[in-house]
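Chemist: Pasting a structure here, questions to come.
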Amino acid sequence: MAAAWPAGRASPAAGPPGLLRTLWLVTVAAGHCGAAASGAVGGEETPKCEDLRVGQYICKEPKINDATQEPVNCTNYTAHVQCFPAPKITCKDLSGNETHFTGSEVGFLKPISCRNVNGYSYKVAVALSLFLGWLGADRFYLGYPALGLLKFCTVGFCGIGSLIDFILISMQIVGPSDGSSYIIDYYGTRLTRLSITNETFRKTQLYP
């Protein structure tokens, strides 16, 4: 004989069908969401090595040309240095192949800025302006013969022009006439002018 269900309680088999249907729908929906999430994670595209975050790679210091004091192979104001993804990082290398790095393989080449120099030394220009500026030697050296001759004939504009030129050359405001930059020690004191125009490229932040 089957035991009687206590009075006042509904039998599980006699429970409302809506509750069972709701539980089943929730279970099925959760299963579909989990499968979709797993598929999204598994199907995530491997990033390019140049898109790695800071700290996920390390780049070598550029090799400096002793004569120009600029990175070797500087072309169009740009040079490239080798960068190595950290161990256990997987990304697409230079050839587009998905590679699991160990820390010793080159992942990508990072562009760095460099300057166009044409043989004009900053130290020489400052020295000429300080000691022979009243003769216009600094202006002759930088490729301004007319101003150099004028300073020579006026003894550096009575010294005032020599002082002004010394300040302008020391602050790297006046440079070579051909538009090139001074040869300055790569890790020395350099003046960098920053400006933003309508043509300035703003790189989109790819991660928070």
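Any Cβ shown, glycine's included, is placed from N, Cα and C.
Sharing the feature lines straight out of Swiss-Prot:
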- 1-37: signal peptide (SIGNAL)
- 38-129: topological domain 'Extracellular' (TOPO_DOM)
- Asn73: N-linked glycosylation site (CARBOHYD)
- Asn76: N-linked glycosylation site (CARBOHYD)
- Asn97: N-linked glycosylation site (CARBOHYD)
- 119-167: domain 'TM2' (DOMAIN)
- 130-150: transmembrane segment (TRANSMEM)
- 151-154: topological domain 'Cytoplasmic' (TOPO_DOM)
- 155-175: transmembrane segment (TRANSMEM)
- 176-208: topological domain 'Extracellular' (TOPO_DOM)
- Asn198: N-linked glycosylation site (CARBOHYD)
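Looking at the shown structure, can you explain where the listed features end up?
Modeler: In the predicted model, the topological domain 'Extracellular' (38-129) shows an average pLDDT of 90.
There are 12 other Cβ atoms within 10 Å of the Cβ belonging to Asn73 (N-linked glycosylation site).
A simple way to gauge crowding: the CB of Asn76 (N-linked glycosylation site) has 7 other CB atoms within 10 angstroms, across all the protein chains here.
Counting only same-chain residues at least 6 apart in sequence, none has a Cβ under 8 Å from the Cβ of Asn97 (N-linked glycosylation site).
Taking DSSP states H, G and I as helix and E and B as strand, the domain 'TM2' (119-167) has 41 helix, 3 strand, 5 coil.
Tertiary proximity for the transmembrane segment (155-175) is limited to same-chain residues at least six positions away from its ends with a CB under 8 Å from its CB atoms, namely 120, 122, 125-126, 129-130, 133-136, 138-139, 142, 181-182, 190-191.
Mapped onto DSSP classes, the topological domain 'Extracellular' (176-208) shows 0 helix, 3 strand, 30 coil.
Around the Cβ of Asn198 (N-linked glycosylation site), the number of neighbouring Cβ atoms within 10 Å comes to 4.
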Chemist: In whole Å, how far is Asn198 (N-linked glycosylation site) from Asn73 (N-linked glycosylation site) when you measure between their Cα atoms?
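Modeler: One finds 30 Å between the Cα atoms of these residues.
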Chemist: List the Cα distance (Å, whole number) between Asn76 (N-linked glycosylation site) and Asn198 (N-linked glycosylation site).
Modeler: 21
Chemist: Report, as numbers and ranges, which residues of the same chain sit near the topological domain 'Extracellular' (176-208): CB under 8 Å and 6 or more residues beyond its ends.
Modeler: 51, 53, 64, 68-71, 115-122, 125, 142-144
